[in-house]
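**Student:** Structure incoming, see below.
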(Lines of atoms letter the chains of each structure in order from A and count residues from 1; the text may use other names and numbers.)
(Lines give C-alpha, C1' and ligand atoms only; values in the text may rest on other atoms or scores of the structure.)
Protein backbone atom coordinates (compact mmCIF):
# COMPACT_ATOMS: atom_id res chain seq x y z
CA UNK A 1 0.00 0.00 0.00
CA UNK A 2 1.21 3.48 -0.88
CA UNK A 3 0.25 6.58 1.09
CA UNK A 4 0.18 10.18 -0.16
CA UNK A 5 -0.45 12.99 2.30
CA UNK A 6 -2.20 16.29 1.61
CA UNK A 7 -1.52 19.11 4.05
CA UNK A 8 -3.88 22.04 3.51
CA UNK A 9 -3.42 24.89 5.98
CA UNK A 10 -3.06 22.49 8.87
CA UNK A 11 -5.76 20.07 7.66
CA UNK A 12 -4.25 16.83 6.52
CA UNK A 13 -5.63 13.67 4.98
CA UNK A 14 -4.22 10.63 3.27
CA UNK A 15 -4.73 8.99 -0.09
CA UNK A 16 -4.15 5.26 0.35
CA UNK A 17 -3.47 3.28 -2.82
CA UNK A 18 -3.19 -0.49 -3.16
CA UNK A 19 -4.92 -3.72 -4.08
CA UNK A 20 -7.76 -5.20 -1.95
CA UNK A 21 -8.01 -2.14 0.31
CA UNK A 22 -11.83 -2.33 0.42
CA UNK A 23 -11.43 -5.37 2.66
CA UNK A 24 -9.57 -3.12 5.13
CA UNK A 25 -12.05 -0.23 4.99
CA UNK A 26 -13.21 -0.48 8.61
CA UNK A 27 -9.70 -0.41 10.07
CA UNK A 28 -8.51 2.39 7.78
CA UNK A 29 -11.72 4.37 8.39
CA UNK A 30 -11.44 4.17 12.17
CA UNK A 31 -7.84 5.36 12.05
CA UNK A 32 -9.19 8.57 10.50
CA UNK A 33 -12.60 8.85 12.22
CA UNK A 34 -13.85 6.86 15.21
CA UNK A 35 -17.33 5.67 14.19
CA UNK A 36 -19.86 2.86 14.47
CA UNK A 37 -22.37 4.09 11.84
CA UNK A 38 -21.87 5.15 8.22
CA UNK A 39 -23.91 6.01 5.15
CA UNK A 40 -22.65 4.55 1.87
CA UNK A 41 -23.73 6.31 -1.33
CA UNK A 42 -23.24 4.24 -4.48
CA UNK A 43 -24.89 3.35 -7.77
CA UNK A 44 -26.69 0.26 -9.02
CA UNK A 45 -23.76 -1.33 -10.86
CA UNK A 46 -21.15 -0.68 -8.16
CA UNK A 47 -23.51 -1.85 -5.43
CA UNK A 48 -24.06 -5.10 -7.32
CA UNK A 49 -20.31 -5.76 -7.53
CA UNK A 50 -19.04 -4.48 -4.17
CA UNK A 51 -22.02 -3.57 -1.97
CA UNK A 52 -22.77 -6.89 -0.28
CA UNK A 53 -19.10 -7.60 0.41
CA UNK A 54 -18.47 -4.13 1.87
CA UNK A 55 -21.62 -4.21 4.00
CA UNK A 56 -20.68 -7.62 5.42
CA UNK A 57 -17.15 -6.40 6.13
CA UNK A 58 -18.36 -3.28 7.94
CA UNK A 59 -20.87 -5.25 10.02
CA UNK A 60 -18.19 -7.79 10.98
CA UNK A 61 -16.23 -4.88 12.47
CA UNK A 62 -19.24 -3.49 14.34
CA UNK A 63 -20.07 -0.68 11.91
CA UNK A 64 -23.76 -0.23 11.02
CA UNK A 65 -24.28 0.89 7.42
CA UNK A 66 -27.07 2.40 5.34
CA UNK A 67 -26.57 1.92 1.59
CA UNK A 68 -28.20 4.46 -0.72
CA UNK A 69 -28.32 3.19 -4.31
CA UNK A 70 -28.56 5.84 -7.04
CA UNK A 71 -29.06 5.59 -10.80
CA UNK A 72 -25.97 5.62 -13.01
CA UNK A 73 -24.78 8.56 -15.08
CA UNK A 74 -23.78 12.23 -15.20
CA UNK A 75 -27.37 13.18 -16.04
CA UNK A 76 -28.37 12.30 -12.46
CA UNK A 77 -25.73 14.52 -10.79
CA UNK A 78 -28.28 17.21 -9.94
CA UNK A 79 -29.80 19.25 -7.14
CA UNK A 80 -32.91 17.08 -7.46
CA UNK A 81 -30.87 13.96 -6.72
CA UNK A 82 -29.25 15.66 -3.73
CA UNK A 83 -32.74 16.60 -2.52
CA UNK A 84 -33.69 12.93 -2.85
CA UNK A 85 -30.82 11.93 -0.54
CA UNK A 86 -31.31 14.43 2.32
CA UNK A 87 -34.61 12.94 3.64
CA UNK A 88 -33.02 9.50 3.76
CA UNK A 89 -30.19 10.87 5.89
CA UNK A 90 -32.72 12.54 8.18
CA UNK A 91 -34.82 9.36 8.48
CA UNK A 92 -31.68 7.38 9.28
CA UNK A 93 -30.83 9.90 12.04
CA UNK A 94 -27.49 10.65 10.41
CA UNK A 95 -25.61 13.02 12.70
CA UNK A 96 -22.85 15.56 12.14
CA UNK A 97 -20.25 12.90 12.94
CA UNK A 98 -21.81 10.20 10.72
CA UNK A 99 -19.41 9.64 7.80
CA UNK A 100 -20.65 9.49 4.22
CA UNK A 101 -18.72 6.95 2.18
CA UNK A 102 -18.71 7.63 -1.58
CA UNK A 103 -18.40 4.21 -3.22
CA UNK A 104 -18.11 4.61 -6.98
CA UNK A 105 -16.71 6.79 -9.73
CA UNK A 106 -16.60 10.51 -10.37
CA UNK A 107 -20.36 11.11 -10.45
CA UNK A 108 -20.90 9.38 -7.11
CA UNK A 109 -17.92 11.20 -5.61
CA UNK A 110 -19.08 14.63 -6.77
CA UNK A 111 -22.68 14.11 -5.64
CA UNK A 112 -21.77 12.45 -2.32
CA UNK A 113 -19.29 15.23 -1.63
CA UNK A 114 -21.91 17.88 -2.36
CA UNK A 115 -24.35 16.18 0.02
CA UNK A 116 -21.67 15.74 2.70
CA UNK A 117 -20.70 19.42 2.44
CA UNK A 118 -24.27 20.66 2.81
CA UNK A 119 -26.00 18.19 5.15
CA UNK A 120 -25.94 19.70 8.67
CA UNK A 121 -23.33 22.18 7.33
CA UNK A 122 -20.84 19.38 6.78
CA UNK A 123 -20.36 15.74 7.76
CA UNK A 124 -17.22 13.60 7.34
CA UNK A 125 -16.59 12.45 3.76
CA UNK A 126 -14.64 9.32 2.82
CA UNK A 127 -13.93 8.53 -0.82
CA UNK A 128 -13.84 4.89 -1.93
CA UNK A 129 -13.16 5.48 -5.65
CA UNK A 130 -13.74 2.44 -7.85
CA UNK A 131 -13.01 3.90 -11.30
CA UNK A 132 -9.61 4.84 -12.64
CA UNK A 133 -10.75 8.42 -13.25
CA UNK A 134 -11.92 8.86 -9.67
CA UNK A 135 -8.81 7.23 -8.17
CA UNK A 136 -6.40 9.54 -9.95
CA UNK A 137 -8.45 12.72 -10.18
CA UNK A 138 -11.96 13.44 -8.92
CA UNK A 139 -11.57 11.99 -5.41
CA UNK A 140 -8.53 14.19 -4.74
CA UNK A 141 -8.64 17.89 -3.95
CA UNK A 142 -12.06 18.61 -2.50
CA UNK A 143 -14.08 19.78 -5.49
CA UNK A 144 -17.73 18.82 -4.99
CA UNK A 145 -20.51 19.90 -7.34
CA UNK A 146 -23.67 19.12 -9.26
CA UNK A 147 -24.79 20.09 -12.74
CA UNK A 148 -27.56 22.62 -13.25
CA UNK A 149 -29.20 24.35 -16.19
CA UNK A 150 -27.24 22.24 -18.64
CA UNK A 151 -23.91 23.47 -17.23
CA UNK A 152 -21.44 20.99 -15.74
CA UNK A 153 -20.42 21.42 -12.08
CA UNK A 154 -21.91 24.92 -11.88
CA UNK A 155 -23.25 24.53 -8.31
CA UNK A 156 -20.64 23.38 -5.83
CA UNK A 157 -17.95 24.11 -3.32
CA UNK A 158 -14.63 22.92 -1.93
CA UNK A 159 -15.01 20.24 0.72
CA UNK A 160 -12.06 18.04 1.54
CA UNK A 161 -12.51 14.36 2.44
CA UNK A 162 -11.09 12.90 5.63
CA UNK A 163 -9.61 9.96 3.73
CA UNK A 164 -9.33 8.46 0.24
CA UNK A 165 -9.07 4.67 -0.08
CA UNK A 166 -8.19 3.76 -3.68
CA UNK A 167 -8.42 -0.01 -4.17
CA UNK A 168 -6.60 -0.66 -7.44
CA UNK A 169 -8.10 -4.16 -7.47
CA UNK A 170 -11.37 -2.51 -8.51
CA UNK A 171 -9.79 -1.59 -11.83
CA UNK A 172 -9.97 -5.24 -12.93
CA UNK A 173 -13.76 -5.03 -13.25
CA UNK A 174 -13.84 -1.72 -15.16
CA UNK A 175 -15.31 -1.85 -18.68
CA UNK A 176 -12.81 -0.88 -21.38
CA UNK A 177 -14.58 2.42 -22.03
CA UNK A 178 -14.39 3.43 -18.36
CA UNK A 179 -10.74 2.41 -18.16
CA UNK A 180 -9.95 4.55 -21.21
CA UNK A 181 -11.76 7.50 -19.62
CA UNK A 182 -9.49 7.24 -16.59
CA UNK A 183 -6.45 7.07 -18.83
CA UNK A 184 -7.42 10.47 -20.23
CA UNK A 185 -6.86 12.02 -16.79
CA UNK A 186 -3.58 10.14 -16.33
CA UNK A 187 -2.34 11.37 -19.71
CA UNK A 188 -3.45 14.89 -18.73
CA UNK A 189 -1.46 14.76 -15.50
CA UNK A 190 1.62 13.48 -17.30
CA UNK A 191 1.29 16.18 -19.97
CA UNK A 192 1.17 19.01 -17.43
CA UNK A 193 3.30 17.64 -14.62
CA UNK A 194 5.71 14.82 -15.44
CA UNK A 195 7.71 14.15 -18.59
CA UNK A 196 8.88 10.93 -16.91
CA UNK A 197 5.31 9.64 -16.50
CA UNK A 198 4.53 10.72 -20.07
CA UNK A 199 7.44 8.66 -21.35
CA UNK A 200 6.47 5.73 -19.12
CA UNK A 201 3.02 5.69 -20.68
CA UNK A 202 4.51 5.83 -24.18
CA UNK A 203 6.87 2.91 -23.56
CA UNK A 204 4.55 0.73 -21.44
CA UNK A 205 1.24 1.21 -23.21
CA UNK A 206 0.42 -2.49 -23.49
CA UNK A 207 1.29 -3.27 -19.85
CA UNK A 208 -1.02 -0.45 -18.78
CA UNK A 209 -3.80 -1.67 -21.09
CA UNK A 210 -3.33 -5.17 -19.64
CA UNK A 211 -3.85 -3.59 -16.17
CA UNK A 212 -0.77 -5.18 -14.67
CA UNK A 213 -1.26 -4.76 -10.87
CA UNK A 214 2.26 -3.44 -10.28
CA UNK A 215 2.09 -1.02 -13.20
CA UNK A 216 -1.38 0.24 -12.24
CA UNK A 217 -0.43 0.86 -8.61
CA UNK A 218 2.63 2.76 -9.83
CA UNK A 219 0.86 5.02 -12.33
CA UNK A 220 -2.13 5.63 -10.05
CA UNK A 221 0.28 6.66 -7.29
CA UNK A 222 2.34 8.90 -9.57
CA UNK A 223 -0.76 10.58 -10.98
CA UNK A 224 -2.35 11.08 -7.57
CA UNK A 225 0.92 12.57 -6.29
CA UNK A 226 0.99 15.10 -9.16
CA UNK A 227 -2.51 16.29 -8.35
CA UNK A 228 -1.91 16.30 -4.59
CA UNK A 229 1.19 18.47 -4.99
CA UNK A 230 -0.69 21.03 -7.10
CA UNK A 231 -3.73 21.08 -4.78
CA UNK A 232 -1.48 21.73 -1.78
CA UNK A 233 -0.17 24.84 -3.54
CA UNK A 234 -3.61 26.18 -4.53
CA UNK A 235 -6.54 24.52 -2.75
CA UNK A 236 -9.30 26.77 -4.09
CA UNK A 237 -8.25 26.85 -7.75
CA UNK A 238 -7.32 30.54 -8.01
CA UNK A 239 -3.93 30.07 -9.64
CA UNK A 240 -1.63 27.15 -10.43
CA UNK A 241 -4.39 24.57 -9.85
CA UNK A 242 -5.96 25.81 -13.08
CA UNK A 243 -3.40 23.73 -15.01
CA UNK A 244 -5.24 20.59 -13.86
CA UNK A 245 -7.95 21.72 -16.28
CA UNK A 246 -5.77 21.01 -19.31
CA UNK A 247 -8.21 19.69 -21.90
CA UNK A 248 -11.22 20.60 -19.79
CA UNK A 249 -12.14 23.98 -21.32
CA UNK A 250 -13.22 22.34 -24.56
CA UNK A 251 -13.97 19.07 -22.76
CA UNK A 252 -16.67 20.52 -20.51
CA UNK A 253 -18.13 22.43 -23.46
CA UNK A 254 -18.39 19.18 -25.43
CA UNK A 255 -20.12 17.50 -22.50
CA UNK A 256 -22.58 20.35 -21.99
CA UNK A 257 -23.48 20.76 -25.66
CA UNK A 258 -24.07 17.01 -25.97
CA UNK A 259 -26.42 17.04 -22.93
CA UNK A 260 -23.76 14.91 -21.18
CA UNK A 261 -24.00 12.05 -23.68
CA UNK A 262 -20.28 12.58 -24.35
CA UNK A 263 -18.22 10.83 -21.66
CA UNK A 264 -15.93 12.99 -19.54
CA UNK A 265 -12.79 11.07 -20.48
CA UNK A 266 -13.48 11.19 -24.20
CA UNK A 267 -14.31 14.90 -24.00
CA UNK A 268 -11.09 15.67 -22.11
CA UNK A 269 -9.07 13.62 -24.60
CA UNK A 270 -10.43 15.71 -27.47
CA UNK A 271 -9.92 18.85 -25.38
CA UNK A 272 -6.25 18.00 -24.86
CA UNK A 273 -5.72 17.53 -28.59
CA UNK A 274 -7.42 20.89 -29.19
CA UNK A 275 -5.27 22.62 -26.57
CA UNK A 276 -2.09 21.11 -28.00
CA UNK A 277 -2.99 22.19 -31.54
CA UNK A 278 -3.84 25.68 -30.29
CA UNK A 279 -0.47 25.75 -28.51
CA UNK A 280 1.29 24.88 -31.78
CA UNK A 281 -0.69 27.55 -33.64
CA UNK A 282 0.39 30.16 -31.09
CA UNK A 283 4.03 29.07 -31.26
CA UNK A 284 4.11 27.78 -27.69
CA UNK A 285 5.09 24.19 -28.43
CA UNK A 286 6.54 22.06 -31.20
CA UNK A 287 4.24 20.20 -33.56
CA UNK A 288 6.05 16.98 -32.56
CA UNK A 289 4.78 17.45 -28.99
CA UNK A 290 1.18 17.69 -30.19
CA UNK A 291 1.64 14.62 -32.38
CA UNK A 292 3.10 12.60 -29.48
CA UNK A 293 0.16 13.56 -27.30
CA UNK A 294 -2.39 12.67 -29.98
CA UNK A 295 -0.71 9.29 -30.59
CA UNK A 296 -0.69 8.47 -26.89
CA UNK A 297 -4.37 9.38 -26.60
CA UNK A 298 -5.25 7.28 -29.65
CA UNK A 299 -3.17 4.33 -28.38
CA UNK A 300 -5.46 4.12 -25.36
CA UNK A 301 -8.56 4.02 -27.53
CA UNK A 302 -9.63 7.60 -26.95
CA UNK A 303 -10.91 10.02 -29.61
CA UNK A 304 -8.74 12.85 -30.87
CA UNK A 305 -11.33 14.81 -32.87
CA UNK A 306 -14.90 15.91 -32.11
CA UNK A 307 -17.87 14.86 -34.21
CA UNK A 308 -20.71 17.05 -35.45
CA UNK A 309 -19.86 20.21 -33.52
CA UNK A 310 -21.05 23.76 -33.99
CA UNK A 311 -17.97 25.91 -33.22
CA UNK A 312 -20.06 28.95 -32.25
CA UNK A 313 -22.08 26.90 -29.73
CA UNK A 314 -18.87 25.43 -28.37
CA UNK A 315 -17.40 28.89 -27.76
CA UNK A 316 -20.64 30.01 -26.11
CA UNK A 317 -20.45 26.99 -23.78
CA UNK A 318 -16.80 27.78 -23.02
CA UNK A 319 -17.91 31.11 -21.56
CA UNK A 320 -19.60 29.14 -18.73
CA UNK A 321 -16.23 27.65 -17.79
CA UNK A 322 -15.20 28.30 -14.19
CA UNK A 323 -11.83 29.66 -15.34
CA UNK A 324 -13.50 32.58 -17.15
CA UNK A 325 -12.36 35.89 -15.64
CA UNK A 326 -13.83 39.27 -16.63
CA UNK A 327 -15.44 37.58 -19.61
CA UNK A 328 -12.12 36.18 -20.86
CA UNK A 329 -11.73 32.44 -21.38
CA UNK A 330 -8.59 31.02 -19.84
CA UNK A 331 -6.95 28.16 -21.72
CA UNK A 332 -4.42 25.71 -20.33
CA UNK A 333 -1.84 25.28 -23.06
CA UNK A 334 1.16 23.01 -23.51
CA UNK A 335 4.83 23.90 -23.84
CA UNK A 336 6.31 20.40 -23.73
CA UNK A 337 5.49 17.08 -22.02
CA UNK A 338 5.45 17.85 -18.30
CA UNK A 339 5.03 21.62 -18.63
CA UNK A 340 1.87 23.67 -19.19
CA UNK A 341 0.86 27.30 -18.80
CA UNK A 342 -2.27 29.38 -18.19
CA UNK A 343 -3.12 31.65 -21.12
CA UNK A 344 -5.59 34.52 -21.43
CA UNK A 345 -6.47 36.87 -24.27
CA UNK A 346 -6.56 34.08 -26.83
CA UNK A 347 -8.18 35.47 -29.96
CA UNK A 348 -11.49 33.99 -31.08
CA UNK A 349 -10.27 33.50 -34.69
CA UNK A 350 -7.46 31.25 -33.42
CA UNK A 351 -9.91 29.15 -31.41
CA UNK A 352 -12.34 28.90 -34.33
CA UNK A 353 -9.55 28.00 -36.73
CA UNK A 354 -8.43 25.05 -34.61
CA UNK A 355 -12.02 23.89 -34.05
CA UNK A 356 -12.68 24.02 -37.80
CA UNK A 357 -9.46 22.11 -38.43
CA UNK A 358 -10.61 19.36 -36.06
CA UNK A 359 -14.14 18.98 -37.46
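Including glycine, each Cβ sits where the backbone N, Cα and C put it.
As annotated in Swiss-Prot:
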type    : residues                                   : note
BINDING : 72-77, 106-110, 130-131, 143, 152, 170-173 : NAD(+) binding site
BINDING : 185, 248, 264                              : Zn(2+) binding site
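Looking at the shown structure, can you explain where the listed features end up?
**Tutor:** Secondary structure at residue 72 (NAD(+) binding site), taken from DSSP and collapsed to helix, strand or coil, is coil. Neighbour list (residue 72 (NAD(+) binding site), Cβ cut-off 8 Å, at least 6 residues apart, same chain): 43, 44, 45, 107.
Long-range neighbours of residue 264 (Zn(2+) binding site) (same chain, six or more residues apart, CB within less than 8 Å of its CB): 74, 106, 133, 181, 184, 251, 255.
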**Student:** Enter the number of other CB atoms within 10 angstroms of the CB of residue 131 (NAD(+) binding site).
**Tutor:** 27
**Student:** To the nearest Å, how far is the Cα of residue 131 (NAD(+) binding site) from the Cα of residue 185 (Zn(2+) binding site)?
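**Tutor:** Cα-Cα, rounded: 12 Å.
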**Student:** Rank the binding-site residues 106, 173 by how many other Cβ atoms lie within 10 Å of each Cβ and give me the one with the fewest.
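**Tutor:** Looking at the binding-site residues 106, 173, the Cβ with the fewest others within 10 Å is that of 173.
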**Student:** In Å, rounded, how far does the Cα of residue 109 (NAD(+) binding site) sit from the Cα of residue 248 (Zn(2+) binding site)?
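**Tutor:** Pair distance, Cα basis, whole Å: 18 Å.
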